[in-house]
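All remarks here apply to the structure that follows.
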Amino acid sequence: MNGADTAFVLISAALVMLMTPALAFFYGGMVRVKSALNMLMMSFISLGIVSVLWVLFGYSLAFGDDIGAGLLGDLGHVGFKGITPETLTGGKEGIPVLAFALFQLMFAVITPALMSGALADRVKFSAWSLFITLWVTVVYFPVAHWVWQEDGWLFKLKVIDFAGGTAVHINAGIGALAAVLVVGKRVGFKKDPMRPHSLPLVMLGAGLLWFGWFGFNAGSALAANGVAANMAMNTQVATGAAMLGWLAYERVRHGAFTTLGAASGAVAGLVAITPSGAAVNAFGAILIGLVAGAVCSWAVSWKFRLGFDDSLDVVGVHLVGGVIGTLLVGLLATGGVGGLTQLGRQAAGAFSVMAYSFAVSWLLAKLVDKTVGFRASEDDEVSGIDQAFHAETAYDFSAVGGAPASRSGHQTPAQHLTKKVDA
Amino acid sequence: MKLITAIIKTHQFDAVKAALQAFGVRGLTVTEASGYGRQRGHTEVYRGAEYTIDLVPKIRIEVLAEDADTDDIVDVVVKTARTGKIGDGKVWVVPVETVVRVRTDERGPDAL
């Protein structure tokens, strides 16, 4: 067993785990006060659901032995069957399979969570939980198999997806679009103001995402080596460049350098460098970042023109950023890999994942909608989904009211006073 | 007796409060308020989506005064709240029928 690599992958897994709560804050700050908790929970619940599914059958479907056509893993490792702490990847110098499985689990957790931003404010929490249960099973686990398992058909096609441009970001971005088209617009879309309730939370989330992304990207080398170092460096510079790209576009187009723009640009850069970072040098990374920042900034305005309500721009940031990174690596890859042939492979990978994920995500969203109903009632949506589905509110702004509900053995101050007077 | 109500810029509040104290006003009530005058509000941009923010945060000060002091108090507020820039606010005066001090049941000018 390689101890250094094992330590690096275990630490990277922990870093990637942090990205899901970070994402929850990134999204949570962008919604209105009345749905802040629901937004946090829609991301956070993925840590519960997907962790369990991963052990039951997720790991096996994604990284089990191929069933033949490069489309899916078999059920040989259901319940981690045959995997002990001593089982290693790739012979004596490998790392424990459990370390690899834990690292990959974190990717499976964050991918459906990424989609939650598109459906902010308006879906039933139970329906969302059902949707992501189905979605990881039918969409994520197979696509991860295509891209990362050595018998997967996109792996064999030599599509470069180092850390998840296709399997994670394109997959989540297009899946979110499909779900949005089924669920529909928020009440008051384009009419009511829906400005972010806390940009500091957005900034905190973006910062923690950036931090965790070092595990996501560099950890994907699965070894403490130069590839990981290159990826870590590129993650940093591409993200910085993307922030500048977004802000520059925004300054020209809207006249201000906004906080939300800086946070969004950083995330767009992180997305774009994910598939490509290991195959380019630092200059290529800066170029990818600048392009991703500016183009994603432009892309988010399209939802208003096209009239679909992707609440927090999952399509504009993750789908567009993922496609930019996935295609640019075809051109910018160093070491004789880049070129038009590779660009063709990258396009094949990107568009096959888009087609599959869009179609299946749409069907799953329809299935959820026709059976349990995806959408919250208009009443619940308008009065606030936090109270309706979580029996909580994020903030207590008022000194008046808010007294605890009366329960046996628990009196409100007013009741206490009344009893005293009566006596 | 009169009720003097002043809507002023939030950052002028400390100066106005100090001036009123120096003048001898013994009590006032302050509320965070929001609204707009002729200048309307401002525009904010979030990922390219522009929001017109109509309501601007202001401070509302209420002072109960005897008739004789009213004009002077209004002058104190106006002089200290004025910056000369748009959005300095408004002051108005309305008659008050009676005032009661809750603790002692004093009425009229005694309750001020």
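Placed from the backbone N, Cα and C atoms, the Cβ positions cover glycine too.
What TrEMBL says about a protein is an automatic prediction, not a curated fact.
As recorded in TrEMBL, the features of this protein are as follows:
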type	residues	note
TRANSMEM	A:6-27	transmembrane segment
DOMAIN	A:7-395	domain 'Ammonium transporter AmtB-like'
TRANSMEM	A:39-62	transmembrane segment
TRANSMEM	A:95-115	transmembrane segment
TRANSMEM	A:127-148	transmembrane segment
TRANSMEM	A:168-187	transmembrane segment
TRANSMEM	A:199-216	transmembrane segment
TRANSMEM	A:228-249	transmembrane segment
TRANSMEM	A:256-273	transmembrane segment
TRANSMEM	A:279-300	transmembrane segment
TRANSMEM	A:312-335	transmembrane segment
TRANSMEM	A:347-365	transmembrane segment
REGION	A:402-423	region 'Disordered'
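Contacts between the transmembrane segment (A:6-27) and the transmembrane segment (A:95-115): present, as 3 or more C-beta pairs lie under 8 angstroms, all at sequence separation of six or more. Non-local neighbours of the transmembrane segment (A:168-187) in the same chain are 107, 110-112, 114-115, 117-123, 131, 135, 139-140, 143, 194, 271, 274-275, 307-311, 314-315, 317-323, 325-326, 350, 353-354, 357-359, 361-362, 365-366, 369, 374-375, 378, 381-382; each lies 6+ residues outside the stretch with a CB under 8 Å from one of its CB atoms. Model confidence over the domain 'Ammonium transporter AmtB-like' (A:7-395) stands at 95, taken as the mean pLDDT rounded to a whole number. Within the chain, the transmembrane segment (A:199-216) has long-range Cβ neighbours (under 8 A, six or more residues past its boundaries) at 11-19, 21-30, 106-107, 163-164, 232, 235, 239, 259-260, 262-264, 266-267, 270, 274. Just going by CB pairs under 8 A, the stretch in A:228-249, A:312-335, A:347-365 that sits most against the transmembrane segment (A:256-273) is A:228-249.
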